[in-house]
Amino acid sequence: MRKINIFDTTLRDGEQSAGVNLNLHEKLEIARQLERLGVDIIEAGFPAASKGDFQAVQAIAQTVRNCSVTGLSRSVQSDIDAAWEALKDGAEPRLHVFIATSPIHMQYKLRMTPEQVIETAVESVRYAKKYFPIVQWSAEDACRSDLPFLATIIERVIEAGANVINIPDTVGYITPKQYGDIFSFLKKNVRNIEKINLSAHCHDDLGMAVANSLAAIEAGATQIEGTINGIGERAGNAAIEEVAVALYIRKDYYQAETGLNLQEIKRTSNLVSKLTGMIVPPNKAIVGKNAFAHESGIHQDGVLKEKTTYEIISPQLVGVQSNSMVLGKHSGRHAFRTRIQELGYALTEEEVNRLFVRFKDLADKKKDITDDDLIALILDEKLDTYKNFYQLCSIQVQYGTNQIPTAVVVLKDGEGNDIQEAATGAGSVEALYNALEKALQLPVTLLDYRIESVGSGRDALAQVYVKVSLDGKEASGRGTAQDVLEASAKAYIHAVNRMFVIEKMKEEQALAAQ
Ligand SMILES: [Zn+2]
């Protein structure tokens with residue numbers, strides 16, 4: 001069996017998804033889970049892009065011990081310097097430096113001749129090797145590049161010390177056969193290529209990202225880049241969980257394996273979906289809600305007689321649980337703390353105490369508290385880092401089929417003042433959001449509103465995601481509560497608070513730059 005390295009870029013390419021902006025704590029939470037999942041490399045961000053990105057990459061490099069942490073860098077010394085500052089405390093510092101190699105990018109974007117591109121690439125790899133033990137070099141838009149030129153530049157950067165060569169299909173244009181052919185061509189025509197790792201990075205514009213990645217493996221790639229749930233620029237990246245499970249289920253064919261702990265897949269997918277607000281479609285392979293649901297009578301009959309008649313993947317393989325009851329009204333603090341630890345969360349005593357109060361409160365209303373409920377509570381508590389901004393104190397909503405929906409909200413602002421407002425609307429959520437908008441005195445526009453339940457049952461927790469815009473800037477937020485209206489209000493306030501944090505960070509950056 002060949003070992004395929006998994007390079008996860010959920011926090012870099014995935015975070016580039018429209019409307020996704022993760023804060024430092026959320027990125028750390030995802031990085032820790034990726035470590036549990038067992039990815040080989042975490043691309044934590046683009047350190048030179050912003051102060052926020054730099055801090056997140058640095059915090060992740062300092063926290064994660066069992067995988068290599070990397071950051072993206074353009075082929076300029078200041079980017080490489082920033083990346084080294086952010087990554088040097090990592091367990092295995094690694095740089096991901098790139099330059100475009102397609103005629104269209106070189107001519108219009110870089111305004112450089114092919115010779116200048118080679119020179120710049122070689123120089124940047126040489127410079128990076130002064131610091132980094134491992135340097136990955138990427139040929140941006142490789143799939144629309146001239147192949148002999150691609151071979152030449154790769155040979156030169158290998159000479160300069162690159163350890164990994166990545167061949168991205170930046171625009172999601174290639175087909176599986178063609179992609180495999182590029183890898184075969186390079187293996188034949190680049191000197192010393194057997195000494196480095198060859199990597200695939202695919203985008204899903206034509207729905208072929210996973211198929212292309214697997215074709216690359218067949219043609220000799222030893223590293224696959226992708227994201228959890230396939231999130232990313234435009235149509236997204238190759239979904240790591242799909243590549244990993246395909247290799248596992250079809251090992252007879254691919255003869256290759258990843259080091260992933262497949263049982264952590266479902267949990268990782270849930271976490272990424274929750275924190276990014278990117279909901280997983282029910283029919284999504286491996287992690288969708290319906291991925292293991294047999295609906296047709298003939299299929300159900302078959303599965304009941306013998307599972308493998310229609311089931312090629314067992315739900316347990318990827319960590320899908322039957323959602324059994326774990327805790328209830330009579331569970332004590334000890335059982336509660338133990339379960340949190342078993343779920344892999346490290347909380348302070350103070351956080352456990354606060355959470356326990358909320359747990360008891362929930363257990364009074366809901367009979368069975370499942371792992372999913374607990375995780376929703378933990379994330380709500382742990383990631384609520386906006387305590388200095390607006391806080392929701394109470395809401396009251398009146399609704400009847402023959403009444404005008406009316407909402408009253410009470411908020412606390414950053415200075416601790418109470419703000420109370422009332423408003424009406426065509427429906428209860430609209431009335432509530434109108435009241436919140438009046439209270440905040442901000443022209444907030446609601447761009448997206450989605451609701452889903454945590455687990456099943458009529459007493460399930462409600463989880464609401466919103467995306468809002470203010471002065472042309474966007475932020476997303478989420479809220480969890482047993483009541484849908486309370487969850488809606490929380491999500492709205494969360495999004496507005498996040499907007500303020502982003503703005504504050506930008507102001508600090510501007511001040512620091514002066
Ligand atoms: Zn990409």
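Cβ atoms here come from the backbone N, Cα and C positions, even for glycine.
Unlike curated records, TrEMBL annotations are generated automatically.
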Mn(2+) site partner of His201, His203, Asn237 (as recorded in TrEMBL), chosen from Asp13, Asp413, Asp418: Asp13
Three-state composition of the region 'Regulatory domain' (391-514), taking helix and strand from DSSP: 43 helix, 51 strand, 30 coil
Residues close to Mn(2+) site centre defined by Asp13, His201, His203, Asn237, Cβ within 8 Å: Thr9, Pro168, Asp169, Thr170, Cys202, Ala209, Glu225, Gly226, Thr227, Gly232, Glu233, Gly236, Ala238
List of residues, in chain order, with Cβ under 8 A from that of His201 (Mn(2+) binding site) and at least 6 apart: Phe7, Thr9, Ser138, Asn166, Ile167, Pro168, Asp169, Thr170, Glu225, Gly226, Asn237, Ala238
His201 (Mn(2+) binding site): secondary structure state under DSSP, collapsed to three categories: strand
Neighbour tally for His203 (Mn(2+) binding site), based on other Cβ positions within 10 Å of its Cβ: 26
Under 8 Å by Cβ from Asp13 (Mn(2+) binding site), counting only residues of that chain that are 6 or more apart: Glu43, Glu225, Thr227, Gly232, Glu233, Asn237
